[in-house]
Each structure stands twice: as structure tokens, then as C-alpha cells.
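Engineer: Following this message is one structure expressed as C-alpha cells.
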Amino acid sequence: MEIVRDIKTMREKVAEMKRQGKSVGLVPTMGYLHEGHLALIDTARKENDVVVVSDFVNPLQFGPNEDYLVYPRDMDRDAQLCSEHGVDFLFVPTVEEMYPKKGNQVDVFVDVKHLDENLCGRFRPGHFRGVVTVVTKLFNIVSPNRAYFGMKDIQQLRIIEEMVNDLNMNIEIVPVPTVREPSGLALSSRNTYLSAEEREKAASIYKSLLMAKDLILEKGVISTAEVIGTCTRFLSQQGFKVQYFQLVDYDTLELLPKIEPPQKIIIATAVFLGKVRLIDNLVIEVR
């Protein structure tokens, strides 16, 4: 495995691979890799001749009071895991390399409309603008045939799918299912902020999603307000501060006033456990 730190070299390496007729898969990450990231890497490894992992904590997608400065980082461990999982190139640019203007200023962004109005986008203004801008930069640098994103960040995945479609990018976006602990807790780099007791309690997040699924698919509840109310009360009783619990249309990410089959629905929530913000979702099809 080769570690690449600058854009020029990364482009040259990929261009050489493509001249040899090789396909390239990109796994964009913010580092501090866990089994969820490794599932993305392993999927990319099976489907491409060359695998590139980017390891970059992107300041553009953090709000002023969020955890950019303390976001967990362990570059040596990330490099070891990437090497063990057959990664060909680990791209680790600095902030100055990605945003070279004075003060890391960015004057041109890729913007998002409508798709960021609900779920996390409603509570993290500017977040998805930062995400799609850096992903566009990575796509331009690496020119992958395929790029891999986890379904745990479902709004991010859907926005990137639409971006690629709307901007005619010749890249296949490959969704990879959420990886969970045995308790059901979705793997996340931010889980490292949790104590052992909090980690145990956090398993209730997934239980709330399963509860919503059961209410809709098994009990036939058609009122989304009823589903949301039941699940929000459950989470509150478990000690969470619920930022949102929403049911949205898979394609448009618009809030659903009621269940009307056939529908593909994202059941999603964001909660605080102490100061730690955790998200999770489940995708269901109502026939």
C-alpha cells in the first residue's frame, strides 16, 4: 500500500492505473476506521482492480459548535487497517492541500436544495454543502469508477446519489449496509465518546427503529404522527434527548404525513446521550 499526501501525485497514480485499463474504487472517510468502514473497503476490494481510501477530516462539514477539533484521529492505526484490507492507495491530504487559499477559504461550493431540509440537514445548516463540496473534490482528484458509502449516513448517501445524477458524473455510487454491534448499535467513530454504560443504553436507538417498523408493517399503523410519538416517548424514557424522529420518502427525503403503500420509507432518528449525538436509520418498503 502506498500513502499519498498531495493531489498531484494522487492524480498521477490513478491516471497510470487507468492507462493500464484498471477500474478504481474510492472509499471516502474521515478516518478513525471501524468495522463499518472496513465493510466499505472490503466491498470495494471485491469490485475493483484498484482501491483508494481517502482519510480526511473535512472542516467544511462541521458547524461552529461541533466536534471538529476533538474528532477522533489515529492515522497510524488507519494505515495499518487499510494495508491489512488490501487498499492500494491511502490518500491523506492536509487541510491546506485541500483548501489552499489563505485561511483555508472556499469561495465556490456545491450547494444542496430540498434534500437537506429534513433529517440531519434541518439541524446542521451548511453540513451537506460541506459534504458534497469535499466529495466533489475527491471525485475530481481520484476519478473513480465507483465510490462506496455506508447506509448509516442515509441522507448523505441519497444526496450524493442525486448529486452524481444531477451533475452527470460518470461514477457509480455503491451503498453498503450499516454494520452493527451485537446489541444493534450502529458503528460510528463517535461511539468512542460513550462510556460502557452509555454504549449499552445506546442499543435502544435501534430498538426504536424496529418498533417503528413493527408498528407500520405488522400492526398496520398509517399515522406517521402516531409512530413518531410512540418511538419518541420510548427514547425519552430511555434517557435520550431526541433531536428528531422522522419518516421520510426514500427518493425525495420529504416528510410523510401518513403511510400510503406502495412506499419506500426511511425511518431515521438523531438523539443525544449526554453530549454525544448519535444517528441511525432503517429503510422499509410498504407494499
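Note that Cβ sites are derived from N, Cα and C of the backbone, with glycine treated the same way.
Just lifted these from Swiss-Prot, have a look:
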type: BINDING; residues: 30-37, 150-153, Val179, 187-190; note: ATP binding site
type: ACT_SITE; residues: His37; note: active site, proton donor
type: BINDING; residues: Gln61, Gln156; note: (R)-pantoate binding site
type: BINDING; residues: Gln61; note: beta-alanine binding site
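Looking at the shown structure, can you explain where the listed features end up?
Structural biologist: For Ser189 (ATP binding site), the Cβ neighbour count at a 10 Å cut-off comes to 19, with all displayed protein chains included.
Applying an 8 A CB threshold to same-chain residues 6+ apart, the list for His37 (active site, proton donor) reads Val27, Thr29, Leu81, Gly150.
Packing around Gln61 ((R)-pantoate binding site) is summarised by its Cβ count: 21 other Cβ atoms lie within 10 angstroms of its Cβ, all protein chains included.
Taken residue by residue with DSSP, Gln61 ((R)-pantoate binding site) is part of a helix.
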